[in-house]
Amino acid sequence: MKTFVLHIFIFALVAFASASRDSARKIGSQYDNYATCLAEHSLTEDDIFSIGEVSSGQHKTNHEDTELHKNGCVMQCLLEKDGLMSGADYDEEKMREDYIKETGAQPGDQRIEALNACMQETKDMEDKCDKSLLLVACVLAAEAVLADSNEGA
């Protein structure tokens, strides 16, 4: 029984460490063009918000509008280089396909519904940088809420 409890404890510790590491990671840093987009916008990794900061909404209260805009421009650059955006326009179908591939979501998955809602919420925004950051923030916040509700289930 002690071994079983120890295994549960270790599993919980690893899961917590993994979640903490993910929330500390910078938004967009998993993409191939991350360094290129940072350079194109004369930014360093220190200028980019963390996943945890964005998913919790803290980025909106802890940073100036110019920082928000610059982070959005990096996100737009990444989306455009991956063929998911052209200027301020989404390729919604490609965005869904890439999201499904990246997350392993299946048809009917609430994460896909959240992505669709986030694209709908931001689709009429004209500023491509602000639009991109709002989309990313919306999706990350929805994923955090869904993860919390699944943990409680």
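In case you wondered, yes, glycine gets a Cβ from its N, Cα and C as well.
According to Swiss-Prot, the feature disulfide bond maps to Cys37-Cys77, Cys73-Cys129, Cys118-Cys138. What Swiss-Prot lists as signal peptide is 1-19.
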Same-chain residues at least 6 apart in sequence with Cβ under 8 Å of the Cβ of Cys73 (disulfide bond), in sequence order, are His41, Lys128, Cys129, Ser132
Other C-beta atoms within 10 angstroms of the C-beta of Cys37 (disulfide bond) total 21
Densest Cβ environment (other Cβ within 10 Å) across the disulfide-bonded residues Cys77, Cys118, Cys129, Cys138 belongs to Cys77
